Amino acid sequence: MIFDGLPARTTLTKGHGTENDFVIVPDPDGALSAQLTPTRVAELCDRRAGIGADGVLHVVRTANMAGYEEQAAEAEFFMDYRNADGSVAEMCGNGVRVFALFLTARGFVKGGAIGEPVQFSVGTRGGIKRVTLKATGEQTADVTVDMGVPVFPTERGSVTVDVKGTPEPAVDVDMGNPHAVVFVDSTADAGTLYDMPTVLPAGVYAEGVNVEFAADLAPRHLAMRVYERGVGETRSCGTGACAVMIAAARRDAADTGTEYTVDVLGGRLRFVERADGHLEMTGPAALVCTVLPPLDIIPAATPENR
Ligand SMILES: N[C@@H](CCC[C@H](N)C(=O)O)C(=O)O
């Protein structure tokens, strides 16, 4: 049971960014760290027996996040991100927007008036991310994130991804987490994506990889489907869309400042590479509902209250 052993007052919130969905576990003191085992995360993310999500956003004060305390000087809160299978990931681009909205909506971070932009930093295993919330409603916001400088690792040599039975060259991009981007004529070429696409040479990504299939829709406008490490096909992946954007921008020899749009199954993300090489991603964030433990909140039915 997902609440077993958690403090009685624990509330969990469901949120999403372009339909990449998350269970948010508020735990400023880091008291739940030991209880957030891979099994518990997988139970929370189970779409039938749990709340259902692509991942968990564990909200911890950075000073209480073992190994990352040095980020506390810049970022009061740390996004401890877990994939649906319970594995740990360095970064989540959609998650960080939802995380930022949760912090402001719940008063963990002081926001301005509704509608006023709010800016602060979030700690992650992939480094500190600066977020700006705009068009903020009570449960939604448009959030711009400085996703840092994308890296094109060279140590793996050439990597391919299987597309309809043929190994096609992929672009290796590191956004804090690993991505292999393959350009296709249509995202339908990705097939069913029921299983992890074949990436060669086998085992070249020792820690696993997220695989993006990117198709041009118009100049500087692409569509993407993704198979996420630790999850499977999802409706969106923010870091994956960053990888697609920067792979396309390099292919197009685009100047910095050129705007790109990436459509995912769950919506649209917008990008610009700044002159300093940092990639800015803008997209929506939404909080859906808050889930309470079942029995201690809802009184047992009696003839009077039935
Ligand atoms: N959906 C995320 C990425 C989550 C982590 C990824 N599955 C990994 O293991 O690297 C995003 O929006 O970036």
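The backbone N, Cα and C atoms fix where each Cβ goes, and this holds for glycine too.
Because TrEMBL annotations are produced automatically, they should be read as predictions rather than curated entries.
The feature active site, proton donor is assigned by TrEMBL to C92. Per TrEMBL, the feature active site maps to C92. Under the heading active site, proton acceptor, TrEMBL lists C237. As annotated by TrEMBL, substrate binding site applies to N20, N83, G93, N94, N177, N210, E228, R229, G238, T239.
Known features from TrEMBL, placed on the structure.
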residue	record	DSSP class
N20	substrate binding site	strand
C92	active site, proton donor	coil
N177	substrate binding site	coil
E228	substrate binding site	strand
C237	active site, proton acceptor	coil
Close to the residue listed as 'active site, proton acceptor', taking Cα pairs within 10 Å and only the recorded positions N20, C92, G93, N177, E228, are N20, C92, G93, E228
Counting across all protein chains, other CB atoms within 10 angstroms of the CB of N20 (substrate binding site) number 31
When the active-site residues C92, C237 are compared by other Cβ atoms within 10 Å, fewest goes to C92
Here the Cα-Cα span from C92 (active site, proton donor) to N20 (substrate binding site), rounded to a whole number of angstrom, reaches 10
Widest Cα pair spacing in Å over the listed substrate contacts N20, N83, G93, N94, N177, N210, E228, R229, G238, T239 is 16
Within 8 Å of the Cβ centroid of N20, N83, G93, N94, N177, N210, E228, R229, G238, T239, the other same-chain residues by Cβ around the recorded substrate site are G55, A89, M91, C92, G95, V226, V231, T234, C237, G240
